[in-house]
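Quick look at what TrEMBL annotates:
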type	residues	note
ACT_SITE	131	active site, proton acceptor
BINDING	14, 75, 76, 105, 106, 107, 108	ATP binding site
BINDING	24, 25, 26, 27, 28, 158, 189, 190, 191, 216, 217, 218	ADP binding site
BINDING	106	Mg(2+) binding site
BINDING	129, 130, 131, 166, 173, 174, 175, 225, 249, 255, 256, 257, 258	substrate binding site
DOMAIN	6-280	domain 'Phosphofructokinase'
Ligand code: ATP
């Protein structure tokens with residue numbers, strides 16, 4: 001007989017659009033399977049401070065379309081300590097919570113892994129990060145929404161760049177991963193992209209621009225924030241000197257990429273993952289992240305659900321697309 005009667009849910013680390021859709025799915029799946037759901041506030045801090053709300057059907061009404069997370073999110077120093085995790089466990093026991101669903105990135109899963117081993121506690125993770133750089137899933141919750149935010153913004157930048165013969169260097173998020181820059185770069189028709197995985201320097205960009213169409217009145221370079229070339233401003237300075245005929249500008253998109261309505265893709269992904277997490281726990285899954293690979297739901301042990309550079313995801317074929325399309 002299944003002993004899980006109450007599942008705790010929390011969002012942790014950086015937020016991403018679609019986290020609310022994931023919370024809603026966990027709550028509704030819990031209700032469907034006659035399990036109570038307890039929402040902990042501000043990630044692992046909520047476990048330690050015993051800060052929680054009982055989630056009913058209505059508590060997740062009208063949130064599927066909202067960005068951010070109704071449960072709030074945080075990074076927790078205390079959860080890194082043995083004492084902090086002991087408090088968390090005592091609170092979970094006192095509230096009769098038998099299992100957890102944690103929504104976040106690889107740090108959240110590292111914490112979940114340590115805790116689940118320490119207390120033999122059932123936990124399932126949901127990948128909630130805009131970077132899409134986790135092993136064990138083709139897509140993470142928030143990636144598609146962030147891409148669409150970038151594409152919307154750069155389309156607007158392109159309008160003004162065209163009117164003024166401008167060259168724009170647009171910096172997008174992705175400290176360790178260029179996946180946002182790569183896909184959005186293709187989506188906006190960028191002349192070149194710079195991503196950490198490709199080890200490019202400014203000379204590579206100059207070479208690409210020299211070989212792209214010269215009759216264009218605007219040029220867009222999309223650069224990932226983690227790129228080693230010194231950031232958007234340093235790249236822009238070099239480009240301005242080399243191409244004085246263009247007025248070179250920088251636009252750092254920043255935190256708008258984390259906010260806004262989740263796209264339908266992210267809502268569906270989050271909904272599928274939330275239901276799979278609850279049903280997985282009830283079927284004895286634990287210590288793993290839910291993901292989707294080739295459209296199938298898969299569970300990847302926390303220790304393997306880490307950040308990584310996927311040669312498949314950032315292959316030379318993808319990079320060549322930009323060259324072919326901007327030629
Ligand atoms: P993002 O990808 O957006 O940064 P994340 O989930 O990776 O999200 P982190 O800040 O790295 O965000 O991790 C979230 C929290 O997980 C940390 O604040 C900490 O409380 C917990 N955590 C991370 N690593 C460990 C660990 N080794 N032991 C215990 N807890 C940890």
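Just so it is clear, glycine is given a Cβ too, placed from its N, Cα and C backbone atoms.
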Cβ-Cβ neighbours of residue 129 (substrate binding site) (radius 10 Å): 26
Number of other Cβ atoms within 10 Å of the Cβ of residue 173 (substrate binding site) across all protein chains: 23
Cα separation, residue 107 (ATP binding site) to residue 24 (ADP binding site) (Å, whole number): 23
C-beta crowding around residue 256 (substrate binding site), within 10 angstroms: 13
Least surrounded among the binding-site residues, given as 28, 75, 175, 249, 258, when other CB atoms within 10 Å are counted: 175
Cβ-based neighbourhood (8 Å from the centroid) of the ATP site, residues 14, 75, 76, 105, 106, 107, 108 excluded: 12, 13, 43, 104, 110, 111
Neighbour-count leader, CB within 10 A, binding-site residues: 106, 191: 191
Rounded to the nearest Å - Cα separation of residue 107 (ATP binding site) and residue 129 (substrate binding site): 11
Which recorded positions sit within 10 Å of residue 106 (ATP binding site) - Cα, from 26, 129, 131, 173, 175, 217: 129
Closest of 75, 105, 189, 217 to residue 175 (substrate binding site), Cα positions, binding-site residues only: 105
Binding-site residues near ligand 1 among 28, 173, 175, 217, 256, 258 (Cβ under 6 Å): none
Maximum Cα-Cα separation (Å), residues 129, 130, 131, 166, 173, 174, 175, 225, 249, 255, 256, 257, 258 listed as binding substrate: 33
For residue 256 (substrate binding site), the three-state class that DSSP assigns: helix
